[in-house]
Amino acid sequence: MRRIIIRRLVQIIPLIFAVIVMNFVLIHLAPGSLFDVMTSEQQITDPAMLDQLRHTYGVDQPVTVQLAKYIWSVMRLDLGYSYRQNAPVFDVIMQQLPATLILMLAAIGIALLVGVTAGVMASIKVNTIWDNLISLGAVFFFAAPSFWLGIMMTVMFAVKLGWFPVGGMRTIGVDESAIGAVLDVMHHLVLPATALGLFYAATFARVMRASMLEVARLDFVRTARAKGLSGGRVVLAHVMRNAMLPIVTLLGLQLGTMLGGSVVIEAVFSWPGIGSLLFDSVMSRNFPMVLGVLILGSLLVAVCNATVDLLYLRLDPRIKAR
Amino acid sequence: MIMGSTAGPTPILSIENLQVSLFTRRGVLPAVDGLSLTVSAGETLAIVGESGCGKSLTALAIMRLLPNPPAKIVGGAVRFMGRDLAALSEREMQRVRGKDISMIFQDPMTSLNPVVAVGDQLIEAIRRHNEVSRHEARDRAVELLRRVRIPDAERRLNDYPHQMSGGMSQRVMIAMAIACGPKLLIADEPTTALDVTIQAQIIELMKELQSSSDMGLIIITHDLGVVAEVADRVAVMYAGRKVEEAPVEALFERPLHRYTRGLLGATPSAQRRRGSRLVEITGNVPALSDLPQGCAFQNRCPDVFDRCRAERPQLASLLPHRSAACFAAEKELSRDAAAIGA
Amino acid sequence: MIALFIDFARRFARNRAALVGLFLVLVVIGVAIAAPWWFPRNPLRIVGRPEIWPFVSPRYPLGTDSLGRDIAAMTAYGARTTLLIGLCASLTATIIGITVGATAAYVGGWVDELLMRLTELFQTIPNLIFVLTIVSILGQKIEYVTIAVGVVTWTPIARLTRAEFMSLRDREFVQACRAMGMGSLRIMFGEILPNALPPVIVLSSLVIAGAVLFESAVAFLGLGDPNVTSWGQLIGDGRTLIRSSWYICAVPGLAIMLTVLALNLVGDGLNDALNPKLRDR
């Protein structure tokens, strides 16, 4: 098992390497020199600092040396310095990362809970009004842009009804007991996580429904019923367990999209994660930060993908045979 | 009484005039049409026929596991130990399945849940009908695996189905079926998907288990070798109906229905060996949607005559303990009787 | 040929939802084409009092925004941007995807390995973050947005094309072509591609829907081309006024949703019509 884990993690390395190279290419595609890109609009006027930067980025050297330097610095987790936050890019991103992780985890949780439940319901009540309603809902949430859904939910539940805060992650100036803080964050989390999660819930519901119907026809389900198991137990212990496998695969494939989606949702709800950071950095043309987010975001997705693969390994014993 | 005769004791299962229909877009098809059968404790009944004749649907109808849609019981009764299973609620039926009546299926490789360890699947069956702790259930599972002759039973509990061969899987299926000491076991082509040598072992195992427990056994098969080896009585089905029923020796000695004769090959007394398959009978089984007037077998029958095309033969006791629905057989027997009388 | 088309149309029409989708798509296309005649003057010009609600003034059926611009006019023009970017991005993605997938499958070996790794790479990079990075580095122009969206959406097409090519590569008719001495490129694009195309077309039509969503997100964040109206941008502009005039966000959002919905339904219908084997799940 440990060997498999290590092997899977090693596969990430060339991937990240490629992301770094691509970053470099992107910078060179940009109008103006690398140096211009890396320092533009950061209001650096001190000539000594400019010199130092020139040296760090190796502007005066050939492209291959620049690439080598760039790769070397990224390998040491040196993603550059952000003058806007006055801190190394890596530190700033790490500081913002937990908020994004919380948002993503909550969204995945909601997507799985809502999507799987709806898919199972639709498959059990196949071709009834319930099935049709769920399918209709899935089609709608599959088409609604998450940011728009977020805004409409804000209008409804924050502005009109006042059930949830309009944005942010914490209420400012409230008592700081641990449980109180957690509840406060959860209260702020409901709307953004739902807005982000519903699209994926719609996907999961469609896939789960099809997958359930597919599995329900298999021989071992008949065996389970022949044992005298109740309908509920057959569905939970036998049909669902197998029908979940495509969902896990799908989840792995969609993590990248989800991290992208969280950028927009964070912008809508002023959620202080790397999405807001990216948005701010793009707006202020803070390129070291933008590229840093791209690299670390890719790394995050790659690691999550590996985790999902390993999870799949646990869920489907047949894979291990390979 | 046109029902096949039963030897001695009261039957544990008696099917009376069972009707199963397939509700398709093309209309309602009579897949099982007026079938009556009985099985007694310790007895083995073989149901024989080509695919599509309704034998598997009969088994599933007894278990109330018909795929619905399209199949549904539309008439008749399935009396098991005095209760009509066809009239039980789903909840009551769940207490019968796996406990009083068990079933094993054709393809053991797909009949076990691929993502659950076989031990857990066994334990699930045990705990469903017995109030025992997980630990006790585990011990029983080990014991069951030993009874079906799985070596290294303790370790095998943690295996997944894909780690087992077809024969092993079928043994697990059998262990699961006998877990709660059923009074009736239905085996739907239990050896068809297995290698010939494994087939023999599985048949041997089922005979052994039956003799030690006095359970009734219904075995559904194509394989006349299996029939010859295990069955006490044989019911032959064609196009949804029972066309002949007889004790096994008598049937092999002298098949009455022309279809049975076709199945057994040209010479009625030919030696049957294990693994010999049904001999191809010329022509095709008529579609259920398109049954001819008269006997369903008429277009393939070598001895067909006018009456077979005009009138549908009913099951009749033509000889002691046996019945057939065949005008040609009736004619032949009356000719024999006349010859003896003369 | 005509018989084939009639057969195709009949199968498509059997899916009621697909017909509704097709109708909606035609409406959106119609609006996009008619916009300049319908609203002959610049849609970004201020026409009246700000924040008039929809269905209040007959002159501005969908109301006016915070600056007093006609929402109906902007939505109509937004359809042009959205459809144009969606179509072009999907076309870009399809061309990249088919090229990568076909080459990988036909050449095989290390080329296949390399291209599949590349596909994996583009699947790993968080796509919207990548789009924003490209747009912010290259500049906020409609061409760059289109290319960026195309660049992040080609991977499923490449995988599908590869799978289709793999299964067709060893068929008799391809071997016959090879025996006749036909060149690789001619076999790939002249013989295999037409046979592999139906499922790819279905996926491309679904990619349009995805591209529309991407474009709207980029425009919503204010990174779209500032010189053209787009639905995402309208939502972004209206966001600050959700307390008083939430309809400014609602109208273009509904437009996006209905368009994407319609495109998805058409995609499903195409799937039914072009891949009859796959239909009965």
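Don't overthink the numbers, they just go from 1 along the chain as shown.
Using N, Cα and C of the backbone, Cβ positions are placed for all residues, glycine too.
Where the annotation comes from TrEMBL, it is an automatic prediction and has not been curated.
As recorded in TrEMBL:
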DOMAIN    A:97-312  domain 'ABC transmembrane type-1'
TRANSMEM  A:12-30  transmembrane segment
TRANSMEM  A:99-121  transmembrane segment
TRANSMEM  A:133-159  transmembrane segment
TRANSMEM  A:179-202  transmembrane segment
TRANSMEM  A:243-269  transmembrane segment
TRANSMEM  A:289-313  transmembrane segment
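Against the transmembrane segment (A:179-202), stretch A:99-121 has more CB pairs under 8 A than any other of A:99-121, A:133-159, A:289-313. When Cβ distances are compared across the two stretches, the transmembrane segment (A:99-121) makes no contact with the transmembrane segment (A:289-313), since fewer than 3 pairs at least 6 residues apart fall below 8 angstroms.
Ranked by number of Cβ pairs under 8 Å to the transmembrane segment (A:12-30), the listed stretches A:133-159, A:243-269, A:289-313 are led by A:289-313. Counting same-chain residues at least six beyond the ends of the transmembrane segment (A:133-159), those with a Cβ under 8 angstroms from any Cβ of the stretch are 118-119, 121-122, 165-167, 191-192, 194-196, 198-199, 201-203, 205-206, 209, 261, 264-265, 267-269. Taking Cβ pairs closer than 8 Å, the transmembrane segment (A:243-269) reaches residues 99-100, 103-104, 107-108, 112, 115-116, 120, 146-147, 150-151, 154, 166-168, 188, 191-192, 195-196, 199-200, 203-204, 207-208, 211-212, 214-215, 275-276, 278-279, 297, 300-301, 304-305, 308-309, 311-312, 315-316 in its own chain, all 6 or more past its ends.
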